Amino acid sequence: MSPILIESIQAIVVDLPTIRPHKLAMHTMQQQTLVIIRVRCSDGIEGIGESTTIGGLAYGNESPESIKQNINSHLGPLLVGQDAANINAAMLRLDKAAKGNTFAKSGLESALLDAQGKRFGLPVSELLGGRVRDSLEVAWTLASGDTARDIEEAERMLDFRRHRIFKLKIGAGEVNADLKHVIAIKQALGERASVRVDVNQAWDESVALRACRILGDNGIDLIEQPISRINRGGQIRLNQRSPAPIMADESIESVEDAFSLAADGAASIFALKIAKNGGPRAVLRTAQIAEAAGIALYGGTMLEGAIGTLASAHAFVTLNKLTWGTELFGPLLLTEEIVAEPPVYRDFHLEVPRTPGLGLTLDEERLAFFSRT
Ligand code: MUC
Ligand code: MG
């Protein structure tokens, strides 16, 4: 039997409006930009993937434009003509020829998995070894920048039974004002919700030592990436001293980073992100390192749309324990979709489809409408 070949690869930049501005320490999002990947194969099957980041180059080393360019000029040509059904060989070929670029690789790996799933009539979770659950608890990020508005938003989410875990984005403001903001929200929600913070590297160790203590003493359950990813020594010390557990997010830019963080004892929770590891299979390697080291897991997001969100979800449902749940709410931050049937959120959870591949179909008209020309 002759192999099924990868015939063409296309990367499309799509700009979508958000329900409100989303304020992070390093950037305020006024919209979200997705990079959608289409991989067409010689058996007529098309796989779709997504390589999405936050705020151009504000968050990481790849921007939507660089992802598209690198797929067009480097990664795509390496894959065209290769066996579409051998994902190991395809991804090894990319890793051998191209350093880093985990966001671009993640979208490509997702698309190859989607195509393979459609080919064999299996959901991606089953290609990854099989799911151990059908849905994932999903946190919501409160990031309007306004305390009263955030409390109102959280109350609405609790009423709708959509979210009962809230992550607060802090670090852009003065630290005492940020602490006041977080404590006010925790006091308003009380035991009805888990409240966590994401500092996105904004503090230095001297600020973080005091702030983490105050947050822990005021019922905050988790502190995500309080200091720079570069300050490994500081992160180890914080992980030892903070009364609330420290989660590594930006410190993980590869599976190898995850190993060295575990070896150093620099975090007690890992945020798993397909984009920062190089795909749904790569992120499971980081999960396995964490499991072996006794580090708890959280299913993270780069605020992807439906495709990247479900590519993450298919990986996360294969995990034994996701102690801290997930934050796969990206599609809910968008006012528009480019897939025919958006992911289903119900009763605090995201449901992960059992249909072949990722379980999504592109809406061609909407995709064309929102695509950058
Ligand atoms: C991040 O740093 O975790 C995830 C949720 C959110 O609101 O922002 C992202 C990025
Ligand atoms: Mg984070």
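Note that Cβ sites are derived from N, Cα and C of the backbone, with glycine treated the same way.
Feature annotations, courtesy of TrEMBL:
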type	residues	note
ACT_SITE	Lys169	active site, proton acceptor
ACT_SITE	Glu327	active site, proton donor
DOMAIN	148-245	domain 'Mandelate racemase/muconate lactonizing enzyme C-terminal'
Length of the line joining the Cα atoms of Lys169 (active site, proton acceptor) and Glu327 (active site, proton donor), in Å: 13
Lys169 (active site, proton acceptor) in three-state DSSP notation: strand
